[in-house]
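Only one structure is covered here, and it is reproduced in the block below.
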Amino acid sequence: MCVRCRIKMGQKSRKRSEFALILLQLLTLVSSAPPRCDSGQYFLGRCKPIVEEKPKCTDLLLSYCDDMAYTQTMFPNIVGHKTREEVELGTEYLLLSVVETLLGGECTPDIRMLGCSVLAPRCEKDKVLKPCRSICEAVRKSCVHAFEGIDMAWPYFLDCDRFFVSDQEGCYDPLEGLRAEEEVEAFSSAPPEDSSTMIQFTYHSNAQMNSIIKKTEARCSDIATTYSIGRSVEGKDLLVIEFSNNPGEHELLEPEIKYIGNMHGNEVMGRELLIYLIQYLCSEYLLGNERIQTLINTTRIHILPSMNPDGYDMAASGVEDSNYADEEGPRYDTWNIGRNNAQNIDLNRNFPDLTSIVYSRRRHKGYRTDHIPIPDFYWLGKVAPETYAVMKWIRSIPFVLSANFHGGDLVVSYPYDLSKHPLERNMFSPTPDDQVFKFLARTYANAHETMANYSEWCGSSRDSQGGIVNGAQWYSFAGGMQDFNYLHTNCLEITVELGCDKFPAEEELYTGWQENKEALLTFMEAVHRGVKGIVKDEDGNGIKGARVSVRGIRHDITTAENGDYWRLLTPGIHILTASAPGYTRAMKKVHLPARMRKAGRVDFVLQKSVLEPDTEEDDINIPSMGTYERFDPYNHFERYAAAEMTQIQEQRAEKPWWWNYFVSSGGSAPTWLLRHY
Ligand SMILES: [Zn+2]
């Protein structure tokens, strides 16, 4: 096992033992609690009688609340627990004792102290004081994302409206003890930088990752928004953060780009780079970095740091799955554990293989290499929910450019990934857009600190091609994501391999960021190459779904909802044609100078025509494949996979991963912790 895996395992087992210790302490408390009086017991001298007397302040003896700024509390507490023992046996207190572990260190000790102020409220002069609502609301605002990250509901006893009061009502600050400590620290050390703008170049758990995504959204709410594209097999949100000057909306002529990390769960550098990138974009925008402001103001950027969070968990915990060892031998373990999703599906082999369809039709006159429908039989196979979520995502947004990040080598690969010859595993298999793809791949590789000059291949010796390689020439495979992007949508995607080590040591993360930062930015800026424009009718209305063709490139781009399109192109002279059913064609010749930094604007006005455009004779030679719309994956996925999804969701609704922590404590099941209950 690698050193890094041992470190990871070490952390995990340490957390487990902490947790075991907590449980042990709780059990000890249970056994030492004085017995209650049932009828008859008092007379046998086995317990004390319950005497109704006026509640008094009593010493605060709860061990998880020993850093509160006061020492006296009173029972019953704010939620009605009558004794210290009752508090200690309750799920609320158990939650406070494990919340740090569950949230991966997020939001502590704030959450715990907030909870203490409810379970053991401050008592002065035999009167209970209530904690301040404003403090509760501030903690909730910054911590609710951490709870969402582990799919846990905001605990009922931290309800700011129910259990907290306003300043006017004489409340106290439950975090007072914390602030006193902070002041001492701030006094004794150099003034710390604003911690919210500091990027931690460490590994992030899924909960920490989601928390950072949500916090970044909150910090940069004018230019960022988040959304989930679906859930993993184990029910984790596939969370995307979007940056744009108008987040949440497609703007006319504004190109859209996506970055996808961690498709293979054990290839983790890309995931971390994207977590750093989102913080960087937000901070730099706020700081007034002109380059970042221009980028965000002119581009809609979507970032999915982890496409395979289940695989990541598996890889990070370094679990040795004996099933794998039996099948492929132990040598494969560290290379493969966590690569696939939780159904053991390789997501980068799970997309519809449209490349084979294109190859099988390439001798037909007028065959196409764009907007190939998904064949019906695809849905009969096993479609991972992660694959499905991404397919649905990339169909719903007019993406122009994309990169997905892997590890295991240091190179950018570009389509096709599938060899054009079934028996040749290493055959150069270019797309009609080979020039554009080479340009895009070089854009990343050249802006990377070492990639273009890297002369060796990890674990094999082959000639370098300046840090870029055609996927099929490297090694051929079917069902990959970049081929699917190219053949099904307008989006051009490349695959970036970020280094030989799939799960590098934590110290290497900062180096990785430095090596890739410029490339990550430059590649996004490349979406503004080529031409863009609007295809309109004579009344000036945009035509949706019009085709924009480039002479010599057998791959059309279609227009988006309002007739806008983007066509990435290399510099030179190009002849463009726009066409749409029921309209005449329009043609334009454009010259793109070598040093263009903005897409050339080329609009088309199409006139109504009684004649259909002359594409029909081409179509006669192509066996019917149905229409693009008819093969919407949504309908098909519903038909074939809905039952399975429901089953998964039901299982999840019953058992989140942290559920056993609470039910095994013997108390009643705390359904109030379930978000989807
Ligand atoms: Zn990979």
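Even glycines carry a Cβ here, placed using N, Cα and C.
A TrEMBL annotation is a machine prediction, not a hand-curated record.
What TrEMBL records for 1-32 is signal peptide.
Look at TrEMBL and you will find 42-174 tagged as domain 'FZ'. Residues of the domain 'FZ' (42-174) grouped by DSSP class, helix first, strand second and coil last, total 61 helix, 13 strand, 59 coil.
Annotation source TrEMBL lists disulfide bond at CYS136-CYS160. For CYS160 (disulfide bond), other Cβ atoms within 10 Å of its Cβ number 20.
Annotated domain 'Peptidase M14' per TrEMBL: 202-527, in sequence order.
In three-state terms derived from DSSP, GLU497 (active site, proton donor/acceptor) belongs to an extended strand segment. Around GLU497 (active site, proton donor/acceptor), the same-chain residues six or more apart in sequence whose CB sits under 8 Å from its CB are HIS406, GLY407, GLY408, ASP409, LEU410, VAL411, VAL412, SER413, listed in sequence order. The active site, proton donor/acceptor annotation in TrEMBL covers GLU497.
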When you measure from the Cβ of CYS136 (disulfide bond), how many other Cβ atoms are you left with inside 10 Å? 24
